[in-house]
Each structure stands twice: as structure tokens, then as C-alpha cells.
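Enquirer: This is the structure, below, for whatever I ask next.
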Amino acid sequence: MCGICGIIGPVRIEDGQHIERMKGVQSHRGPDGTGFYQGKQGSLGFSRLAIVGDEQGQQPIFNEDASIIMIGNGEIYNYRTLREQLIHSGHRFHTSSDIEVIVHLYEEYGTEAWSYLKGDFAFALLDEKRGKSFLVRDRLGVKPLYVTKIGERWYFASELRALLAIQRSRVPMNTTALRLFFRYRFLPHPFTPFEGIYKLSPGHELQHDCSGIQIRRYWNLSVEPTTDIHDLAQAANRFGELFERATCLQGLNDVPTGIVLSAGLDSSLLLAQLARQTGSLRAYTIDFTDENDQEQVSEFAQAHELCTMLNVSHTRVAVSPQDYLEAIPATMSSFEEPVGDAAAPLLYLLLKQASQDVRVVLAGDGGDELFAGYPSYRHFLQQPALFPESRHVFKGHDEQSLLRAQYHPDVPLKQELQRAGGDFWLQEGGVFNDSHFAKHAFSPEQDRRLNALLLGDIHGWLCDDLLLKLDKLSMHWSIEGRVPYLDHDLLQFAFSLPAWMKLNDHCEKVVMRTYAERILPHRFVHRKKTGFSLPVHSWISGPLRAIIQKKLRDGSFIAQEYVNADAFRTYVDNYFQGHTDDPIYHSFTLLGMLYLEYWHEGLSCLYT
């Protein structure tokens with residue numbers, strides 16, 4: 001994990017100062033060293049966080065004749081295999097860094113090289129002989145990469161603040177992006193909150209040469225199931241093989257390693273698998289301090305029981321409402337863009353604690369999106385696509401509200417369907433009951449449909465909320481976040497499976513649970529899903545009420561430019577007076593608006 005930045009295009013005298021400026025504002029991403037290169041194709045800057053490789057892992061990295069130069073952020077998990085193959089083909093390596101395989105792969109295969117990489121990465125590569133430059137982002141967007149055009153040249157960086165730092169004036173807000181935030185509570189790629197600054201989309205490359213730029217998708221994932229595995233036990237065996245390999249590649253490090261632990265299946269299974277492979281592991285779990293709050297769901301006791309059973313060191317991260325409130329400004333500053341994820345300040349506080357002990361932290365992100373872990377997926381498969389005659393019920397209803405659960409699982413789709421068509425459609429005997437699900441869900445068409453839903457979540461909620469959150473907050477504390485469930489082979493395997501191996505009438509993540517039964521006690525495998533739970537409604541109604549009133553009702557706030565301010569103040573009043581049909585749902589809306597306000601207040605920090 002590192003910070004990268006640079007300028008693609010003809011070199012100018014001030015470029016060295018710009019690179020130093022960009023490196024400086026994202027130095028927390030790499031406190032272990034810096035690097036600089038300037039050549040015919042552009043200028044590169046690098047800040048290193050050492051995880052793999054000795055001091056020779058410093059970047060930029062060159063090929064044998066120094067005609068190919070690159071800097072990269074992330075890890076290539078199959079680099080040892082690639083390195084051996086490249087040495088056999090005659091390539092000479094100068095470092096032990098995993099990133100060096102990329103320059104030699106490019107020599108060997110050109111732009112097809114990216115398809116050989118298994119890992120989480122964002123990199124820039126300059127080919128001085130051919131007059132070409134490349135910016136490349138990993139398949140799922142685990143590592144960020146921002147780009148902007150200033151004049152005739154392209155600037156790039158790991159963080160937004162680096163691109164803002166070299167602007168001559170404040171960059172205007174992107175109003176389209178902010179409207180998308182109001183809809184999804186995050187900004188889908190390629191949007192950022194600023195005009196003219198974009199995220200390079202996952203699985204894409206930006207190529208620059210004398211004719212201009214081309215942006216190309218170098219990887220895509222098919223939604224067509226292709227497996228020749230038709231037995232659940234066999235599928236669980238294959239899952240176990242791939243999962244063990246993924247955790248071995250990502251979890252065995254030369255530096256202290258931790259895990260973000262809840263009591264849910266994903267992180268519990270990850271902990272159990274890692275505990276079988278390494279004895280030096282630390283787990284961290286959020287716990288709430290208000291024992292009288294009936295809404296909050298603390299998972300610490302169950303997580304601690306598992307850690308004791310597996311002999312894993314376990315740290316309790318206690319969080320009060322005041323702790324949470326005080327963490328919001330720093331959390332939003334770390335994000336650099338508005339995100340309405342209620343769990344973000346919790347992860348900020350957890351990683352703050354973890355940073356005192358470890359340099360790498362693993363998280364269970366991705367298990368739900370690969371193996372259909374959200375209950376809303378079942379509701380999606382019960383939607384009117386199965387019953388064309390019922391589609392008229394939803395005419396005139398905002399389609400995006402029906403999709404909201406796909407992009408924000410805190411809001412169950414069931415609530416949206418109730419708003420759209422009434423309880424009848426969900427009641428026993430209605431259109432979407434379980435008997436219809438059992439009859440229609442597991443067909444080839446539904447296999448493709450479920451995979452399409454999962455892919456939508458991967459490219460939306462997972463990439464632009466969960467993975468963004470892990471990267472930004474782990475990097476704030478100069479530690480590396482990793483996600484073993486998003487291993488490339490495990491991803492391909494998940495999408496090759498038919499729907500019934502992921503979802504049935506009674507549970508989600510079927511193949512995962514089948515494997516988990518082999519290494520976890522039954523009660524940990526079949527606990528009810530709670531997620532990274534937060535008592536949002538009770539906190540906003542209680543300890544956060546005053547700040548909500550001050551910032552969103554009584555004062556001037558950013559959203560006034562985009563919403564009817566009087567109507568919104570009435571909305572806030574109705575919430576606190578109990579005149580809302582679904583207070584928990586609306587509490588997330590208010591919290592998202594509060595995040596937006598704190599983000600906007602902290603904008604000045606992004607320019608300094």
C-alpha cells in the first residue's frame with residue numbers, strides 16, 4: 001500500500017514542485033520512503049508503506065534498460081509465480097518487490113499483461129521507447145485512482161486532495177454527483193464531488209500517446225453461470241480450496257496483522273481460516289458503551305467467544321455516542337467525498353486502535369456481494385419480473401427507490417416494496433411469498449438475474465462505499481486494508497455457481513455456510529445477520545439531536561442549494577415529533593445529510 005501521483009504529458013519546469021506538493025498532502029499513505037521520476041512522457045511521485053520486499057522495494061521501478069518506468073499502489077498476490085515465469089523467459093529483476101513483475105509482464109505481453117495480475121492495485125507506467133503512458137486500476141476498485149485534465153496534460157493521484165492541492169483556484173462542485181449522493185448516499189464512479197475530477201473506473205486503463213487518450217475496459221465479468229459442479233458438497237470443497245489460498249496469500253505477512261471482526265459469518269469464517277494458518281493475529285471489535293440502549297446490537301461478546309476458542313488476541317473498541325460524534329469530522333475529511341455510511345466513524349475508531357499494533361488489517365468485505373448475503377436479494381428475485389401482470393403496481397414509482405436496497409443494504413427492499421405496492425404484495429398469499437420464490441427462483445434465467453444483481457452491488461455499493469471506506473480510513477492511519485473474499489479466483493468461482501448454491505428459501509450464502517460448518521461451531525454459522533450495527537434512530541433522537549437541529553434545521557447547510565430548505569426543515573421537525581411512517585429509515589437519511597454537512601465544512605482542509 002502506497003500513495004502515487006504524477007503528470008502525464010510534456011514536462012514543464014514547475015512539475016517537480018507539483019509532484020512534491022501532491023506527495024506531501026497524501027504522505028500518510030506512505031511514511032516509509034518517497035520517490036520521484038521525470039522523463040519524456042511525464043513525471044511520477046511515490047510514497048511508500050513497506051509491506052512486501054526489502055529496501056529495494058523503493059519506487060519508481062524500471063525494466064532492464066530503464067525504458068519502462070512505473071509506480072504502483074497495492075499488492076500483487078501472485079507475484080512469486082509470475083516472477084519465476086518471467087525469470088525463466090529471460091527477464092532480470094533488480095528488486096524483491098511484488099510490483100516489479102508489472103514492468104516485465106508489460107515487456108512480455110504489452111497491455112495484455114494486466115489480465116495476468118491477481119491483486120489489488122492502481123499504477124502508472126511510462127513506456128519511453130513507444131511514447132505511451134498508462135494508468136491502470138484493479139478489477140474491482142479496491143485501490144483508488146483519481147484523474148483530471150489541466151490544460152493538455154493529465155494529472156493523477158491516489159487521493160483527491162493531491163489533485164486539489166495543485167489547482168490555481170477552487171474547483172466547482174459537481175451538482176450531478178451531489179444529486180447522486182442524495183439518491184445512493186455515495187458517489188458512483190466515475191464521479192467525484194468536483195467538476196473535471198474523476199475516478200478511473202475499476203477494470204479500466206487510461207492510455208496516453210501523441211494522438212491523445214483512450215480509456216479501455218480491460219476486464220469484465222460474465223453473469224452467465226458456467227460451473228460443471230452440480231453437488232453442494234463438491235462446491236463447498238472448491239470454495240474451501242480457493243478461500244484457503246486467498247487467506248494464505250493475503251494474510252501471511254512479514255508485519256503484524258489484524259482483522260476487523262464482527263460476529264457475522266464473513267468475518268468469523270475469515271478469522272477461523274486465518275487462525276489455522278498463523279499464530280500472530282489480532283482481532284478488533286466495536287462495542288457500544290450505553291447498556292440501556294435497546295436499539296443497539298453489540299457483537300463483542302459473541303466475537304470474543306470465538307477469539308477465545310481460536311486463541312486469538314482480541315481487542316474491544318468501546319464507542320459512546322460522544323465518541324461517534326467527535327469522529328465524524330475526521331472521518332469525512334479522510335473520505336474526501338461525501339459518503340452516508342453510518343458505520344464509517346465506527347471503522348475510523350476501530351482502525352485508530354488497530355494502528356497501534358498492526359500494519360495490515362483484513363476485512364470480510366465482499367462475502368455478501370459474491371455469495372448473495374443480503375436478504376434483499378431474495379426480495380429482488382421475487383420482484384415483478386417473475387410476474388409481468390403485476391408490473392402496473394409500480395408505475396409512477398421511482399425505480400431507484402426500489403433499487404435503493406441494492407446500493408444501501410441498511411434499507412431493506414421490503415420497505416421500498418411496501419411503499420410502492422402495499423403490504424399485500426409481501427403477505428402470505430400475495431405475489432411475492434415464498435411459495436412463488438421456490439417455484440420460480442432457481443431457473444437458468446434467475447441464475448443470470450441473481451448474478452446481475454450481485455454485479456450491480458459489486459460495481460456500486462461495494463466499490464464506491466465499502467472498499468472506499470476501507471482504503472481511506474486504513475490509509476488515514478497508515479495501515480493497509482485487505483479483502484480476501486475479493487480474490488480473483490474466488491470471484492470467478494462465485495459467479496460460476498447457480499443461484500441455488502448461494503440462496504435458498506431459508507438462508508443466504510449457502511455454499512459458504514456449507515463450508516463454514518466444517519471449521520466453525522453451528523451457532524456461529526447460522527447467527528442472524530446484523531451487520532456493523534449502529535443505534536442510529538435512538539442516537540439521533542437522543543445524544544445527536546442537538547447537533548442535527550443546529551446543523552440541519554436552525555442554520556445554513558449545503559443541501560439548501562439542492563433541496564427545498566423549508567420542506568426539509570419540516571421534514572426534520574416531523575421526524576423529531578414522531579410524525580414519520582418509518583423513523584429508522586428516516587434516521588439514516590438525516591445522518592447522511594449530517595455527514596454531507598461535515599464533509600462540506602471540511603473542504604478547506606482539502607486545499608491545504
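Every residue, even glycine, has its Cβ placed from backbone N, Cα and C.
Heads up, TrEMBL stuff is auto-annotated, nobody curated it.
Per TrEMBL, active site, for GATase activity is recorded for Cys2. TrEMBL lists Asp98 with the feature L-glutamine binding site. Among the features that TrEMBL reports, ATP binding site is placed at Ile286. According to TrEMBL, the domain 'Glutamine amidotransferase type-2' annotation covers 2-211. The site 'Important for beta-aspartyl-AMP intermediate formation' annotation in TrEMBL covers Asp365.
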Enquirer: Would you pick out, from the recorded positions Cys2, Ile286, the residue whose Cβ has the largest number of other Cβ atoms within 10 Å?
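Expert: Most Cβ neighbours within 10 Å: Cys2.
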Enquirer: Do me a favour and check the Cα-Cα span between Asp98 (L-glutamine binding site) and Asp365 (site 'Important for beta-aspartyl-AMP intermediate formation'); whole Å is fine.
Expert: 24
Enquirer: Expressed to the nearest Å, what is the distance separating the residue listed as 'ATP binding site' and Cys2 (active site, for GATase activity) at their Cα atoms?
Expert: 27
Enquirer: Check Asp365 (site 'Important for beta-aspartyl-AMP intermediate formation') against DSSP and tell me helix, strand or coil, would you?
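Expert: Asp365 (site 'Important for beta-aspartyl-AMP intermediate formation') sits in coil per DSSP, no helix or strand.
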Enquirer: Helix, strand or coil: which one is Asp98 (L-glutamine binding site) in, per DSSP?
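Expert: In the DSSP reduction, Asp98 (L-glutamine binding site) maps to coil.
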Enquirer: Show which residues of the chain containing Asp365 (site 'Important for beta-aspartyl-AMP intermediate formation'), separated from it by at least 6 in sequence, have their CB under 8 Å from its CB.
Expert: Asp266, Leu462, Leu466, Leu467, Leu470, Val483, Tyr485, Leu486
Enquirer: Within 10 Å of the Cβ of Asp98 (L-glutamine binding site), how many other Cβ atoms can you find? Include all protein chains, please.
Expert: 24
Enquirer: I'd like to know the mean pLDDT over the domain 'Glutamine amidotransferase type-2' (2-211).
Expert: 93
